[in-house]
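The next block holds one structure in the form of structure tokens; read it before the comments.
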Amino acid sequence: MSIQWYPGHMHKARKQMLELLPRIDVLVEILDARVPHSSQNPVIAEACTHLPVIKLLSKDDLADPAMTQAWQTHFEQQDNTRTLAVDLRMPGKLKSLIPELVRKLAPTKAEQNRTINVLVAGIPNVGKSTFINTMAGRPAAKTGNEPAVTKAQQQINLEDGVILFDSPGMLWPKLEHNNTGFRLAATSAIKNTVIDFEDLGLYLADYLLPNYPEGLKERYGLKSLPKDSLGLISAVCQRRGGMKANEVDYYKGGEILVSDFRAARLGRITLETPEVIAQELLEVEQARALKAERDAEKEAKKALKKAGKRHT
Ligand SMILES: Nc1nc2c(ncn2[C@@H]2O[C@H](COP(=O)(O)OP(=O)(O)OP(=O)(O)O)[C@@H](O)[C@H]2O)c(=O)[nH]1
Ligand SMILES: [Mg+2]
């Protein structure tokens, strides 16, 4: 199964972002620390290559700390890129650090005491509006634990000569690797109504069994773990009310597992590593090359057929 979600308002948001870009000095790209690569929107990355970027890894409180460190090291190898891993709901270091970092990344404007315009962008539900509110110190933007809460651009003036532009969460028209769709669905970037929780539950079970066994054992009171994903979902159903007429309800079991993951009841978990992503990018490249080859063959056949017709 492949998950896709690209409603019309995201297309509109993309257009609005492109219109705003000439005024922007710094990009704050918010990524979900549980899926730091899968939550990077290639459309935003491509449009903003000319801008210095602060990658904020949000929901740090839910992610595996060792993996977050690995991802920060990975991202900081890129030019003009700083990273911070944070719980965006907590003002803590954010309130002083962000204006300071922004000024460092836009030194000319900072020296001339001119206003610095910052675009806050990212996929749905990643914490853009929460970040704006934390920085503003008041509930200036609407937030909510579901994707597509913000529908239009909004700007907030901070006292330090920095303007933050909030924007609607954006995905892109095609999620090329199936795992990207699963990871975005698991972390609530995709609307629940387009998710098949049976498939998503099995995907998550497959990943968690070898990578985070202790959290599963503890949450579901298991002395040893089942050998595969079907076995895990079955155990979840038996222990957490997912049986229907004495049969395992895999859809319900998937919903329970996903909900426990989302609330960090299985521990702090990250769903991807830089190494796994490097492998998946290769797979995407190979799939693209294969498709290009097939398309070329089809075109060649069509051309041959046309030429044949002309000669008869
Ligand atoms: N645990 C945790 N929750 C967070 C964090 N940041 C945001 N949230 C929660 O995530 C949910 C989504 O936050 P929003 O700020 O509305 O996300 P958004 O990116 O503006 O979402 P859209 O406008 O729908 O694109 C809310 O329930 C927030 O409370 C964080 O760092 N940790
Ligand atoms: Mg929002």
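Heads up, the Cβ atoms here are built off N, Cα and C, so glycines get one too.
Positions annotated as domain 'G' by TrEMBL: 118-188. Taking DSSP states H, G and I as helix and E and B as strand, the domain 'G' (118-188) has 18 helix, 14 strand, 39 coil.
The Cβ of GLY127 (GTP binding site) has 23 other Cβ atoms within 10 Å, all protein chains considered. Annotated GTP binding site per TrEMBL: ASN125, VAL126, GLY127, LYS128, SER129, THR130, GLY169, in sequence order.
Residues LYS128, SER129, taken from the binding-site residues ASN125, VAL126, GLY127, LYS128, SER129, THR130, are distinguished by a CB atom under 6 angstroms from ligand 2. Note: LYS128 (GTP binding site) has non-local neighbours ILE30, VAL120, ALA121, GLY122, ALA141, THR150, ASP166, SER167, GLY169, i.e. same-chain residues 6+ apart with C-beta under 8 A of its own C-beta.
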